[in-house]
Ligand code: NAD
């Protein structure tokens with residue numbers, strides 16, 4: 001059981017009227033309140049440009065909790081800790097008022113000068129906000145100052161560096177919490193336990209026993225109303241640079257000496273450093289990009305990416321990426337890590353499939369194909385693990401049949417496990433940065449991704465090259481089949 005330790009802090013949310021704040025942050029804070037991590041000594045300031053009153057803001061907060069209210073934890077009482085400050089982040093005067101309110105709440109709620117700043121707004125404001133927080137004295141308080149920032153962390157290595165330098169003027173590396181909500185997911189955090197608490201797994205976790213590893217993050221939705229953002233980003237920057245490379249590093253890293261933030265990050269960085277750099281013509285050997293065209297899903301006609309709002313009708317932006325990553329170290333030499341992610345695919349799933357090598361020979365007769373052993377880690381929407389094995393078909397003879405050993409993860413009340421955001425905010429309040437990305441990880445991933453993006457931006461692909469509702473372009477299947485494998489479905 002996790003020890004329930006009350007957290008004392010002022011939480012300032014920049015972008016307090018936005019989608020992320022409403023859908024994720026307020027419900028997560030409420031969950032922490034119902035679990036006793038937040039009690040009396042906390043306050044939340046929501047800031048944005050709109051001229052809201054405290055009362056109106058609190059109504060919005062209560063509204064965001066519809067359906068998750070818990071008996072004994074009055075949403076109104078929770079919302080009474082919330083304050084609204086109309087604030088233009090580019091305007092210096094706004095910070096003076098915000099600082100006065102912060103100091104006042106610090107006294108009123110006895111917050112010991114602990115401050116968490118959550119930047120839930122467009123990244124082009126991050127640098128300005130950080131430098132104002134510094135120049136206006138927000139971070140000279142008695143307690144801790146921590147900064148949570150949302151993705152995207154830059155658009156390439158150069159812009160990420162620039163952003164990082166501007167943040168570092170106000171915050172130390174250990175005060176910056178770069179959120180990657182995949183790292184807050186229960187089954188992602190479970191990877192370390194599955195690996196390091198099971199000798200039958202860890203002893204096989206290498207190139208002698210594993211044929212290939214597959215990481216799939218597929219979405220059924222299209223770009224929806226995020227065309228403007230997506231045109232600048234694409235699947236490579238939006239999904240591979242952060243979520244997928246984070247997952248790969250957790251799968252590939254060596255066992256840390258201890259389960260501390262520093263040791264785990266150190267091993268993740270080493271794994272990322274072992275990633276084979278793919279550049280120039282090799283990009284076409286190791287990477288496949290795709291863009292969805294129109295299609296019919298569940299009887300509904302859907303438009304292609306190029307027909308979406310704010311998308312160029314000749315767009316060269318990829319909505320799908322598949323790749324073969326190689327980790328050139330002793331453990332993984334020769335084992336491909338296939339990754340794929342995309343929009344408008346046939347199903348919504350995040351899963352990892354570890355395919356083990358086959359037995360040296362099939363003793364059960366030529367007519368019986370033995371499926372390989374596969375360990376599947378289901379991240380979402382299902383959470384759990386499945387081990388695919390072969391057993392004897394009951395009855396006479398020695399016929400084999402595949403079976404699945406399943407462990408489905410669900411919390412005792414039948415609900416899904418805590419939201420990633422809830423866990424990550426709690427970790428940050430606790431000063432635990434293990435499941436946030438360190439700058440070294442971010443810079444190594446950009447360095448890797450930039451080389452692929454450079455090739456793609458210089459050549460035009462024959463888009464669209466996959467139909468909505470399929471699992472991406474045919475070339476993605478070839479990428480795997482030419483090595484003698486197939487995607488695990
Ligand atoms: P949003 O557009 O809904 O909200 C943006 C907020 O910023 C609003 O409150 C707006 O009033 C405020 N704002 C804009 N300009 C301002 C200014 N000059 N001064 C003060 N306030 C200003 O955006 P969102 O969807 O909540 O996303 C916020 C951040 O989180 C983005 O970086 C996004 O990439 C990231 N993110 C969002 C989600 C999500 O589920 N919405 C998921 C992952 C990451």
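Every residue, even glycine, has its Cβ placed from backbone N, Cα and C.
Any TrEMBL annotation is an automated prediction that lacks curation.
What TrEMBL says about this protein:
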| type | residues | note |
| --- | --- | --- |
| DOMAIN | 13-190 | domain 'Glucose-6-phosphate dehydrogenase NAD-binding' |
| BINDING | 49, 88, 89, 151 | NADP(+) binding site |
| BINDING | 181, 185, 219, 238, 343, 348 | substrate binding site |
| DOMAIN | 193-487 | domain 'Glucose-6-phosphate dehydrogenase C-terminal' |
| ACT_SITE | 243 | active site, proton acceptor |
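For the recorded site, residue 238 (substrate binding site), the DSSP three-state label reads helix. Distance noted between the C-alpha atoms of residue 151 (NADP(+) binding site) and residue 185 (substrate binding site) is 16 Å. Checking the binding-site residues 88, 89, 185 against ligand 1 with a 6 Å cutoff on the Cβ atom leaves 88, 89, in sequence order.
Considering only the binding-site residues 185, 219, 238, 343, 348, residue 89 (NADP(+) binding site) has 238 as its nearest partner by CA-CA distance.
The recorded positions near residue 181 (substrate binding site), taking a 10 angstroms Cα-Cα threshold over the set 49, 88, 243, are 243. Per-residue pLDDT, averaged along the domain 'Glucose-6-phosphate dehydrogenase C-terminal' (193-487), amounts to 94 for this model. Under a cutoff of 8 A between CB atoms, and with a sequence separation of 6+ in the same chain, the neighbours of residue 348 (substrate binding site) are 218, 219, 220, 221, 381. For the pair formed by residue 49 (NADP(+) binding site) and residue 238 (substrate binding site), distance between Cα atoms is given as 27 Å, rounded to the nearest Å.
Taking all protein chains in view, 23 other C-beta atoms sit within 10 angstroms of the C-beta of residue 238 (substrate binding site). A Cα-Cα distance of 15 Å separates residue 243 (active site, proton acceptor) from residue 343 (substrate binding site). Rounded to the nearest whole angstrom, the C-alpha distance between residue 343 (substrate binding site) and residue 88 (NADP(+) binding site) is 34.
Taken residue by residue with DSSP, residue 181 (substrate binding site) is part of a helix. The separation of residue 88 (NADP(+) binding site) from residue 185 (substrate binding site), Cα to Cα, is 33 Å.
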